[in-house]
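Residues or ranges marked as transmembrane segment in TrEMBL: 74-98, 159-181, 201-221, 233-249, 261-285, 338-362, 374-391, 447-467, 474-493, 521-546. TrEMBL lists 606-670, 703-761 with the feature domain 'CBS'.
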Amino acid sequence: VNKEGGATPTEEMNGAGNLMDFLDEPFPDVGTYEDFHTIDWLREKSRDTDRHRKITSKSKESIWELIKSLLDAWSGWVVMLLIGLLSGTLAGVIDLAVDWMTDLKEGVCLSAFWYSHEQCCWTSNETTFDDRDKCPQWQKWAELMTGHTEGAGVYVLNYFLYILWALLFSFLAVSLVRVFAPYACGSGIPEIKTILSGFIIRGYLGKWTLLIKTVTLVLAVSSGLSLGKEGPLVHVACCCGNLFCSLFSKYSKNEGKRREVLSAAAAAGVSVAFGAPIGGVLFSLEEVSYYFPLKTLWRSFFAALVAAFTLRSINPFGNSRLVLFYVEYHTPWYMAELVPFILLGVFGGLWGTLFIRANIAWCRRRKTTQLGKYPVLEVIAVTGITAVLAYPNPYTRRSTSELISELFNDCGSLESSQLCDYINNPNMSRPVDDIPDRPAGPGVYNALWQLALALIFKIVITIFTFGMKIPSGLFIPSMAVGAIAGRIVGIAVEQMAYHHHDWIIFKNWCRPGADCVTPGLYAMVGAAACLGGVTRMTVSLVVIMFELTGGLEYIVPLMAAAVTSKWVADAFGKEGIYESHIQLNGYPYLDVRDEFTHRTLATDVMRPRRNDPPLAVLTQDTTTVEDVETLIKDTDYNGFPVVVSRESERLIGFVQRRDLTLAIKNARQKQDGVVSSSVVYFTEDAPQLPASNPQPLKLRRILNLSPFTVTDHTPMETVVDIFRKLGLRQCLVTRSGRLLGIITKKDVLRHMAQMMNQDPESIMFN
């Protein structure tokens, strides 16, 4: 680059001159973006390449510069390490707090009030194996107040206090979100997907959001509402990622690089949510990330590993395992069982479709009617209804994670659950761990009734819970719906096999006296099917499920159910719940998976249209400072094309509105002689002006000499592809070098919405 800040002719040819000038950063904030704007991936990428080139060339000068370049190269791994440590710690703390506060609704530990029910009875000497959940140190509230343990009055008092605690927790959660961090509500995954696709939502990943989301997540889950902490943990981890990005200029100054870190942070979030590090990396790749280079894959892997390791060190579940639902099944599965597994897949797909349609309809109502004005009342009403209906049924009273854990469990000889109340045949001699099929006892039939009621309750209440103004995840409620349905099917198949083992389908694999059907496995398959139906995950879902449960040999049933549920759900609509919420909120998200099959051309989409005023442009050496300022004041475009002259309209480059504003402001402060009538020029040499004219202002360094252009006859499917794969903000339309118009990302999205007969005005942001 020569002294005057212009570019040498060779760089001119490459169109890199403007980017080399960017590096000298003549004034702060050039190349940054406004809130609710889209970033330009190409520009971010070339800025990073230039920064890298500069560091590499400097590193040969001295030892200190070499050390700096090594630190720069390692900063990515350092950020990953920090993200893993912080998100793992936060997840462990959240798990412990949720455990304690969920039990607080029912009673308190007298020996140490900060113990949960389970911890309280672990330390007790009076606990017998049969009554391991009963111990004198743990007292229910009514027992503490009245001294009685049985009776109608005691039940009513416990019921009342349970509802009171639930209302208190949810009121605290919604109030904190409203007052301190409005962005902390919801699951956060739709917004994270939008941010990773190159959109800017300032404050969404800020420190306040992180703090409030962590606190309110504990309160929301403890209040017994039908929601999980898994989705919001992805948001929490991304907030951690954003926090550590600000420590390194490599990431804080480059939005494109920052998104690579956030992709890896999302992987760490799923890793700690489920204790599934590999599932987390695949989830980030399949579900949230937009741009996922190989380097990000390794870094995500490392971040997920550190996060899982940190969580394992905290050991929140006290079972030395990472996961809540660890199961050990000893029986193989049989080919004939694929039929019920596929049926569970169909159920999952139908439930996914029902849930997405009903939830989106309800959220749309909330947005467009009076309902949306009273978020606190809504949360309290839903919590009240949930608590009143949940308490009488033992399966809905406890936390959803515990319910899933019990449904996944196999009935061993030591299980005290009602689901394991089978009738034992005393004459049979058998080793302890090999329990043969037995007829179901009254407890099992009783449990089936309660489970059927719990299923209906969960299906209905989750529709109204997801999308309220509190942190709410969707993984756990969806899994609960599937696990309940699966366990019911599993028990039905098991009893059929027991009573009709001479039928031709059971004959080969169900000998009397052998264990041949595992109801817990059906619950696991059902959970995967329902989660797949709602989110449309496939690969990452199966990996998360077998990492979650440790059931490696059941990959085929899980795959069969996941694929079936995706097919069934896709038959009714292509979008998963997150894409639907992105659409509902009008975020500018170009989905990679959408097909564009319409035969339209760039000229049909570009602006200005036929009756519009002509395009707002700047000329290369005849515009004055006053003209530029008037243009900026009168329009709200994000940038302006620069042409040779109004007559020829030959395109030179593109200049961003924000850079123009900053440059002129800066020039008026720092450069003498710049007044309103000064000429702004974008060429290499100053134009020939009369001596009486004020000093001209050279703005070549903020001009992008290589804007992306297409011709007016480019098919729209190519344009959509270019926008998708290169992450463009805008693209100029030319014919034989003459500028005709401009297409922005918003225009592309509007056009796609129009082609699908949707409302194009629903796309709100720039």
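Heads up, the Cβ atoms here are built off N, Cα and C, so glycines get one too.
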Seminar exercise, completed: Taken over the domain 'CBS' (703-761), the predicted model's pLDDT averages 90
Exercise. Where, among 159-181, 201-221, 233-249, 261-285, do we find the most CB pairs under 8 A to the transmembrane segment (374-391)?
Worked result: 159-181
Exercise. Out of 74-98, 159-181, 201-221, 447-467, 474-493, which stretch has the largest tally of CB pairs under 8 angstroms to the transmembrane segment (233-249)?
Worked result: 74-98
Problem set entry | Contact yes or no, the transmembrane segment (74-98) and the transmembrane segment (201-221), 3+ Cβ pairs under 8 Å, gap 6+ | yes
Problem set entry | Surrounding residues of the transmembrane segment (338-362) on its own chain - C-beta under 8 Å, 6+ positions past either end | 459, 462-464, 466-467, 478, 481-482, 485-486, 489-490, 493, 522, 525-526, 528-536, 557, 560-573, 575-577, 580-581, 584
Exercise. Counting each residue once, how many in the domain 'CBS' (703-761) are helix, strand and coil under DSSP?
Worked result: 24 helix, 19 strand, 16 coil
For this session: Sort out the residues at least 6 away from either end of the transmembrane segment (201-221), same chain, that have Cβ-Cβ distances under 8 Å to it, and list them.
Result: 35-36, 90, 93-94, 97-98, 101-102, 169-170, 172-174, 176-177, 180-181, 183-184, 188, 191, 194-195, 227-229, 232-233, 235-236, 238-243, 262, 399, 470-472
For this session: Give the residue counts of the domain 'CBS' (606-670) per reduced DSSP state, in the order helix, strand, coil.
Result: 24 helix, 17 strand, 24 coil
